[in-house]
Amino acid sequence: MCSNVEITVYFRYGAPPVINPLGTSFPANTSVQPSFLVKMLQSNASINISHPAPGDWFVAAHLPPSSQKIEMKGFVPTCAYIFQPDMLVMRVVEVSILEPNVPLPQTLLSHPSYLKIFVPEYTQELRLELQGCASNGSLGCPVRLTVGSATLPSNFQKVLTCTSPTWACHLLLPSPPWDRWLQVTAKSLAGPHVSVAFSAVATLTACRPWIVNFQHLLQSSPNQSCNASTSLLPPSPGYQDLGRSSRVGGGPFCLVNYQVMREDMDVMSVHFRPVDRVSVLVHSGMPSVMRLYLNTGMDSGGSLTISLWANKVPLSSMISNHTLVMVCVNAASPFLRFNASLNCTTAFFQGYSLSLSTSSLKAKLIIPYPETDNWYLSLQLVCPQSPEECEKTKVLVETTLYLVPCLDDCGPYGQCILLRRHGYLYAGCSCKAGWRGWSCTDNSTAQSTAQQRMATLLLTLSNLLFLAPITLSVYRCLLVEASVYAYTMFFSTFYHACDQPGEAVLCILNYDTLQYCDFLGSGVSIWVTILCMARLKAALKYVYRCGHRRHCYPTSWQRWVFYLLPGISMAALAITIYTSMMTSDNYYYTHSIWHMLLAGSAAFLLPPRDKHVEPWACSQKFTCHYQICKNHREELYTVT
């Protein structure tokens, strides 16, 4: 009977949810956001998300941690729990387009008004303002403005409530998401029968990029003088002034754009690097920005790794201890306001922050399952105590940017596995030897090298007890049984030598081949022992004698006490241990005991040799090459 269990369901926008139901640790420098989850007990549960962000949404569910008990498949009933998510979408039909710098009149009654505005690339700031707001002809602006779409686990929608008639109602959004439509919802707060009229105005502040053309830059190593490094930035034909185009305006420069090339190395394995070089020049005037293209739809199942290294020679000789190279990693749009704030927060995204200094020349960030989007790396030199010092200083920062399925290929105690669910591909680590965690780096329950070797020795050397039934079988001329026991001992030994995690591993054949041979040998050994005990050729004779003598074979009580009862007890204990006591934690000990009990029971349960057959009779031959044969029917000896 299956019991009711608690099912945990996770939701996330843009990438699979990063879950940690066992509470294990993540690798160093890994940034993980909390997950949005719902718990349910075999019943229906629903979640309502108003104005969800367009794109892919991911749902993951799991049961509570299972028991560590090892059970035989087919002998113990299993419970299957079915999770079936359904999605109901209600679309807005009428959506007005809000053009920049063009007032859009709106009138609100009982239903909200839906607007959208397109935010082009290199938009530095978006300002939304409600003008001429009136409620039933009187002053006042009872309107709630919701900007942006809902996302999980974090929701960065901006809500503006306009109530005061004395001041202008506006919302300022720094670094809004580039190259996409932005949703705006206006709802009246004046009641069901009161009309509210206003005009919505959107103003975009363009950002003028300074795009680096590397063919005119100095191809120098980071160890050259700092004067040579600083010559990379002066205006020259090597920079394309895109600020004169109509889309971004002609204002002052606001960022230095380093073009990044994407190299697809393998499945879910991507390398990003600045064109023709690995260094980025960082200064205090404006941020240096790099764009990472992770918008293919198949990149969110891996881990984004960002490693930064500040050139030691220029940094230590030109920068004081109070000078920092601040780094922000954001999706959808870059962080550009280093002079105003250092929290790496854009309009709808909380970025990841890093820093470099004379005391810390290296920094690393790992983002598991990054959202499907364009990601931006922003770097700028910041001098909190002496801003004038930063004006004369520039720093070369080397970058290593790549997307991998599993971090460090899950290490020496894990295996990277690519999983596919409903056409979506993502990666995960399968850990061994007691290691746990996202990348098999949690050693809280890990086995030491000595424990691994001890486990291997227990599971392999315990098979040597099969030498006892092998010797008895040869002694009693049971050659088939001896061959089966030898086969079982050989393949069980080398299967467990290959099955071990960690360092103490030895595989003489393919793992699946060894596993099949081990299971086959164990089953055949049990049946061969039973059939040998039965002595089927003389079964009718023994049935007759059992009824005629009024007692069963064997007639000797010594045979029962010293052979049959110990053998049956050992077999029963072995089966009990194998079916009810074996767990993942005690597997090395209980399975080794299973080996010894199985071999011991076989030795005790083997039938005795016939009275007319001498020990080792199967190998006895006369010098004239005549062999003694026995006719079981006549019970006479003949010479052939």
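Placement of Cβ uses the backbone N, Cα and C atoms for every residue, glycine included.
For C416, the disulfide partner named by TrEMBL among C406, C431 is C406. Note: the CA-CA distance between C431 (disulfide bond) and C416 (disulfide bond) rounds to 9 Å. Between the CA atoms of C416 (disulfide bond) and C440 (disulfide bond) there is a gap of 10 Å, rounded to the nearest whole number. Of the recorded residues, C406 (disulfide bond) and C440 (disulfide bond) place their C-alpha atoms 10 Å from one another. Helix, strand and coil counts under DSSP for the domain 'EGF-like' (402-441) come to 4 helix, 20 strand, 16 coil. Under 8 Å from some Cβ of the domain 'EGF-like' (402-441) lie the Cβ atoms of residues 16, 18, 20, 22, 24-28, 30, 267-272, 294, 298-305, 366, 368-370, 447, 452, 501-503, all in the same chain and six or more residues away from its ends. Fewest Cβ neighbours within 10 Å among the disulfide-bonded residues C431, C440: that distinction goes to C431. In the predicted model, residues of the domain 'EGF-like' (402-441) average a pLDDT of 89. Comparing local CB density within 10 A for the disulfide-bonded residues C406, C416, the maximum falls on C406.
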